[in-house]
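Accompanying notes for the structure given below.
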Amino acid sequence: MVEKRIQPLARDAMAYVLAGGRGSRLKELTDRRAKPAVYFGGKARIIDFALSNALNSGIRRIGVATQYKAHSLIRHMQRGWNFFRPERNESFDILPASQRVSETQWYEGTADAVYQNIDIIEDYGVEYMVILAGDHVYKMDYEYMLQQHVDSGADVTIGCLEVPRMEATGFGVMHVNEKDEIFAFIEKPADPPGIPDKPDFALASMGIYVFHTKFLLDALRRDAADPTSSRDFGKDIIPYIVKNGKAVAHRFAKSCVRSDFEHEPYWRDVGTIDAYWQANIDLTAIVPELDIYDKSWPIWTYAEITPPAKFVHDDDDRRGSATSSVVSGDCIISGASLNKSLLFTGVRANSFSKLEGAVILPNVKIGRRAQLKNVVIDHGVVIPEGLVVGEDPDLDAKRFRRTESGICLITQPMIDKLDI
């Protein structure tokens, strides 16, 4: 990695987080909340990763654009991200879609979500803009990307993942030269172009962009005046710059934050039930791919005051126990057994129940003798006594949202419809 400058560029940057997406592939999990507000890792929300990256990178001016079912997200940020102080030249603004440009126009795309708040951005008076997606899980020091942007003289610098070439068909892919200068941006190509130094890999867009502020605002105004534009960074703004300006790729491996226990760059789009379940369950491994215990790069979130977790009963057939599991505060495991499971705060698991491969969101109550395998249980669900999930695929599919790989999403309306 390059050495950091004495005066970090991040101190003259604003992070603008796009957090208005629904995340429809998460199905009922986003019926009541936007995807960035979905719980992750036993304590945090997904958006906390982008926000923590900005804060840990030294960025002290942050704006978050919200739109779809934003109440849960806004409440979380008001509780957990209220420590910025204007007297220290810090600011944290929540920017809901509010028809600032037109009385009939909400945010129409990712670029429009920035354009409609141009006056607020200008008031910040920053030199650089870091545009972030609020729905990915990763650890990254944006200072390195800012440095590359300045050193290369680029109009836009795009954060990119190195992925196996034929796995890149679902991404926007960069066609680059030996200097990582982008000369083509291809959306979801059938035959992705390889990287010059790694022909079996492709550079896929992470949805992270760095601009000089003036250049970005000029580009947004030009795009807003184009009646054919869809007002989207990936579809409109970036292709225009690639064609008419200078775009440079920043490889995630250069700025990925890794502890001594993390060997590979970690980035996940937990946009499906399977991916969400897997990323949470991965945290129960002895040495997980994502180290959320790294104190040098903390994942900031709302620090809810809770009592410690408690395990009770020690009879041969009724023992509160957990193996290879993550159990958060205010959980009571009362004669239940857990294996390879992740529990958020306030979960109650009652006697003789068994959980394996379970991701349990806050304040769930699990009745006696329930047997739950490979499940995601939504916030506040009450699991009835004796419910069995994970043994009969056909029955599970009739009752719950079951994926092809066998993961069951369980919500309270699904439970209310059961005839048991």
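Numbers run from 1 along the shown chain.
The backbone N, Cα and C atoms fix where each Cβ goes, and this holds for glycine too.
For the alpha-D-glucose 1-phosphate site, Swiss-Prot lists Tyr107, Gly172, Glu187, Lys188; matching the candidates Ser72, Ser152, Ser205 against that entry yields Ser205. Within 10 Å of the C-beta of Tyr107 (alpha-D-glucose 1-phosphate binding site) we count 26 further C-beta atoms, all protein chains included. Highest Cβ count within 10 Å among the binding-site residues Gly172, Lys188: Gly172.
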